[in-house]
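Enquirer: Sharing a structure below in structure tokens format, with a few things to ask.
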């Protein structure tokens with residue numbers, strides 16, 4: 001089942017097209033990466049999904065029904081990139097307040113806040129004012145406030161910025177845990193290594209338009225350059241490496257990176273090494289990283305314009 | 001509706017629980033009491049004792065200048081003014097009053113010498129005494145019996161009655177009540193309007209706005225804040241009302257009839273303006289009955305709330321436009337504070353002349369009506385303010401705040417989520433109609 005389906009969404013501002021005809025689907029329980037350079041339209045897109053903005057055109061389906069901001073905001077947790085809390089308010093009261101605004105009763109809210117404060121080792125913080133906390137601590141409070149009402153869609157915009165590795169890991173584990181129990185997560189970031197680690201599917205946008213979307217593995221397959229890394233036990237001489245099956249791209253100490261030529265197969269490479277009696281120690285395909293795909297794709301569209 | 005209630009509660013409690021709320025609530029009455037009481041105290045207590053040497057070459061004054069409270073006159077004869085005016089302090093005097101040979105018809109050259117500037121009470125006292133004596137001498141010269149003249153003087157108050165039912169009413173009271181309630185409304189609009197604006201700015205600058213907007217509608221957030229702060233204002237008024245009633249009940253215990261008399265006596269002897277004030281206060285007690293307090297208080301509450309709603313949403317809209325730069329605040333609030341200031345100016349004129357065209361229209365147009373109408377109302381409904389004027393004014397104000405709230409909501413919705421960009425009012429005005 002798709003939790004969210006976005007169809008031909010458009011949002012135009014006076015001077016530019018912030019979101020121009022974007023469509024994608026997010027299956028329930030998946031972790032969905034929303035990627036794009038600064039100013040690509042990510043925030044506008046998220047604000048439409050959270051009901052802050054109304055789209056100019058297009059449709060959003062939430063749980064297979066047209067998105068109804070009035071009710072559906074209770075099923076959404078949104079942690080914006082520009083995050084903030086009331087600085088003069090006490091941490092506990094603040095969390096209670098935000099939870100109640102998401103439709104929890106005071107009693108439920110209190111239970112949930114206590115549960116999470118306990119889990120995140122924040123029991124002594126209840127009466128502290130937000131301004132007394134460090135940035136990382138504020139971040140934790142913010143994260144808890146976002147998930148208190150057990151949203152079925154959790155939207156996190158750069159959730160790890162400002163967190164030390166320990167707390168980042170804590171929150172990452174929580175994200176995985178929630179995903180396992182059926183929460184769908186939209187994850188927006190610039191940090192591609194995090195995307196590769198966390199996300200099942202991604203969408204890449206630039207200048208308000210979708211560049212590509214799909215499962216991470218498929219995307220990497222689509223953009224593969226047919227590069228292979230071969231580890232060798234002995235260094236061959238120049239003549240031994242001459243073949244029409246592949247061309248050498250890089251040469252390392254005990255390894256080669258080769259590009260497979262057309263009409264050849266991976267086994268042709270291996271056969272060549274075997275016939276030349278070069279001992280092969282390892283053989284793997286090099287798939288492009290999301291970072292590389294991101295840069296080449298974004299550069300391509302930027303140059304086109 | 002439940003959410004807006006949560007927001008109202010938060011806005012209300014966070015403000016009421018602050019120490020500054022308690023402080024302000026109790027300090028403002030103390031301040032106003034001070035403004036009223038201190039001049040009276042000064043009038044009663046007067047200056048420290050002053051010893052004044054009198055060199056009277058005209059021989060008209062010697063023995064005719066009674067010592068007043070705290071002022072002692074010592075006539076000196078065998079001294080020369082030119083030297084004594086430099087040395088009087090070595091003899092223990094605070095100043096020298098010099099009266100040369102006088103032509104009663106054209107008295108000139110009377111002078112007072114002292115190191116520091118003479119106080120206002122001393123100045124008025126000396127002036128009055130000298131003038132009194134010259135007047136007396138002139139009367140004697142002209143052969144007029146002073147006693148007879150005093151008897152001939154008249155000091156009656158005309159009974160002013162207005163309207164069909166010949167209601168008693170003094171415009172002095174109407175003036176005082178109108179002026180103060182108009183002024184209080186002005187202060188409310190500014191103080192609470194600014195408070196709303198600061199609250200909105202805080203939400204925008206601390207970036208909580210976007211978190212909030214993902215749970216509630218911008219309009220709910222704005223209205224919750226406006227209503228919550230209105231609640232704070234009402235609570236403050238309630239406390240003041242209770243204090244006022246309490247003080248009025250307790251005051252007679254502290255002020256025995258003797259002290260009231262002493263106060264009157266002292267003030268009358270010292271300073272005519274204070275005497276006038278005491279008189280006015282007596283009069284106030286006497287004629288406060290001439291005002292329809294029920295109508296006035298309910299109108300005050302209406303214009304307080306109406307004016308507040310009218311302006312606070314505009315202040316909220318401006319708050320949503322401000323970025324970190326505090327200079328923006330000045331430029332952006334000016335178009336809002338300007339009509340408020342124009343309102344207070346019309347109010348000051350209206351309280352003196354409640355039937356002028358300026359006053360009538362000023363009390364109908366919602367930008368100024370909360371202040372101007374409150375200045376006119378104590379003069380009487382329907383005597384001074386016709387029913388249709390009051391009705392039209394109320395309708396205009398309701399329509400006005402519905403419009404400003406709607407328009408401000410549109411600006412607020414966009415402005416609160418705009419970061420880092422300087423927004424002009426012209427641009428913001430466009431958001432209203434899209």
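Glycine is no exception: its Cβ is also placed from the backbone N, Cα and C atoms.
Bear in mind that TrEMBL entries carry predicted annotations, made automatically and left uncurated.
Just lifted these from TrEMBL, have a look:
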{"type": "DOMAIN", "residues": "B:19-408", "note": "domain 'ABC-2 type transporter transmembrane'"}
{"type": "TRANSMEM", "residues": "B:21-44", "note": "transmembrane segment"}
{"type": "TRANSMEM", "residues": "B:173-196", "note": "transmembrane segment"}
{"type": "TRANSMEM", "residues": "B:237-255", "note": "transmembrane segment"}
{"type": "TRANSMEM", "residues": "B:291-311", "note": "transmembrane segment"}
{"type": "TRANSMEM", "residues": "B:331-351", "note": "transmembrane segment"}
{"type": "TRANSMEM", "residues": "B:385-408", "note": "transmembrane segment"}
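Mind mapping these onto the model and telling me what they sit next to?
Expert: For the transmembrane segment (B:173-196), the list of distant contacts is 15, 225-226, 229-230, 232-233, 280, 283-284, 287-288, 290-291, 296, 300, 303-304, 307-308, 311-312, 314-316, 319, 333, 336-337, 340, 343-344, 347-348, 350-352, 354, 370-372, 374-380: same-chain residues at least six beyond its ends, Cβ to Cβ under 8 Å.
Within its own chain, the transmembrane segment (B:331-351) has Cβ neighbours under 8 Å at 175, 178-179, 182-183, 186, 189-190, 193-194, 197, 311, 314-315, 318, 321-322, 358-359, 362-363, 367-368, 370-372, 374-376, 425, counting only residues six or more beyond its boundaries.
Counting only same-chain residues 6+ beyond the ends of the transmembrane segment (B:385-408), those with a CB under 8 A from a CB of the stretch are 222-223, 226, 299, 302-303, 306-307, 309-311, 313-314, 316-317, 354, 360, 363-367, 369-370, 373, 376-377, 379, 432.
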Enquirer: Hey, which bits of the same chain come close to the transmembrane segment (B:291-311), Cβ under 8 Å, at least six residues off its ends?
Expert: 169, 173-174, 177, 181, 185, 188-189, 192-193, 226, 230, 233, 237, 336, 340, 366-367, 369-371, 373-374, 377-378, 380-381, 390, 394, 397-398, 400-401, 404-405
